[in-house]
Amino acid sequence: MAAMDVDFAEYKLRCELQGHGDDVRGICLCGDSGIATSSRDRTVRFWTVDLADKRKYNTCKILLGHTSFVGPLNWIAPNDEFPEGGLVSGGMDTLVLVWDLAKGEKVQTLKGHKLQVTGIVIDDLDIVSSSVDSTLIRWRKGQIVESWEAHSSAIQAVIKLPSGELVSGSSDTTMKLWKGKSCLHTFVGHTDTVRGLAFMPDLGILSASHDGSIRLWAISGESLMEMVGHTSIVYSVHSHSSGLVVSASEDCSTKIWKDGICVQSIEHPGCVWDAKFLENGDIVTACSDGLIRVWTTHQDYVADPQELESYAAKLSQYKSSRKRVGGLKLEELPGLDALQIPGTADGQTKVVREGDNGVAYAWNARQQIWDKIGEVVDGPDDGMKRPVLNGVEYDYVFDVDIGDSEPVRKLPYNRSGIVLYSVCMNMHHIFHTSATELFRS
């Protein structure tokens, strides 16, 4: 977690929204009415606050109509046509669907895109959609009013500015400012796909990119600030009236930024596809584990202690399942019970799981015990290249920390019958072992 700002209150879990059967891909704030979410399970869900426990949300409507995963969403404020408001959704099925929330039914199907729909904007009575087919389409009363190829590659996001212009972000690494079909400016600076966009009042436009960064741009096109801290693709970005910024990333974290500095990083048990601020400052996140989570700084709204403990355990389990030791998943290593079985030869080695770490042991035939060598240090995992040690290629090379200020030693391993080098502090044996001996009891 980043160092806390003295004027920043830490976010804690408020509640989890369960119901989707697959990745939650998008979040839409529906005024004071509730929250809408989209999912890889092909549904849109509308959630409202639980009147019995205002920390929580309940599913109010499940909207069925897409034939593939659903991504972008936008809210139609209540009007004569939609007394309780409406939703517009876009999907991998190339469709834009319009929903009446009062009825919980689809009222329009907009067909025109050739590939996945990636963005939805409500522009007065019109709908504007973006797509991987590189086009923007303006719809009015269910019909295409205008369509144009806006980028040289897939469009990944589109937003509307308060002044009326549109901004699009693309896999061609650029953003474009549009007045009608006229491009007023092209924003250049990102080195990879521009995936998410948001308006930041009084300052400009926020962009999230596959290059791992978030940028703040002046409307004129000048890059004002770059926020760096994520270690993978940044999928979305959003701002709050307080000046805080929130981002969602493939690195399994949501980060909160203040004045360009990361003040908190919230870990998730999966990729975070989207993150949005509620008006009260709470944050809603959409995760690949199929859950939506709400995070709060208001102590009265923090989840019960047992819920916090359950989340911490879930997070720990997820991290352990992802952790690799020399390229192998930690969960695939045997537990400490493997050390109850005597070795078959002096110097035979085993790597076992101890908590969240892998630890190497060597069999001491004279004393009939397993001597601890040291902790296996997880290093970079490049699945495309076999590691090389002393000019020889191996399937894996473990870095082993033997402690006592000794340098990290190398323990090479192949899946079958190849030489292993012990890195015991006081002995340097050469061993022959099999994959079964190393990783099983």
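Glycine residues also receive a Cβ, built from the backbone N, Cα and C atoms like all the rest.
Per TrEMBL, the features are as follows:
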type: DOMAIN; residues: 362-441; note: domain 'PFU'
type: REPEAT; residues: 17-50; note: repeat 'WD'
type: REPEAT; residues: 87-109; note: repeat 'WD'
type: REPEAT; residues: 148-179; note: repeat 'WD'
type: REPEAT; residues: 187-227; note: repeat 'WD'
type: REPEAT; residues: 227-258; note: repeat 'WD'
Outside the repeat 'WD' (87-109), six or more residues from its ends: residues with CB under 8 Å to it: 28, 30, 33, 36, 38, 42, 44, 46, 61-63, 65-76, 115-120, 122, 127, 129, 131, 139, 142
DSSP helix/strand/coil residue counts for the repeat 'WD' (17-50): 0 helix, 21 strand, 13 coil
Counts of helix, strand and coil residues, the repeat 'WD' (148-179), according to DSSP: 0 helix, 18 strand, 14 coil
DSSP-assigned states of the repeat 'WD' (87-109) in counts, ordered helix, strand, coil: 0 helix, 15 strand, 8 coil
Composition by DSSP (helix, strand, coil) of residues within the repeat 'WD' (227-258): 0 helix, 19 strand, 13 coil
For the repeat 'WD' (17-50), the mean pLDDT of the predicted model: 95
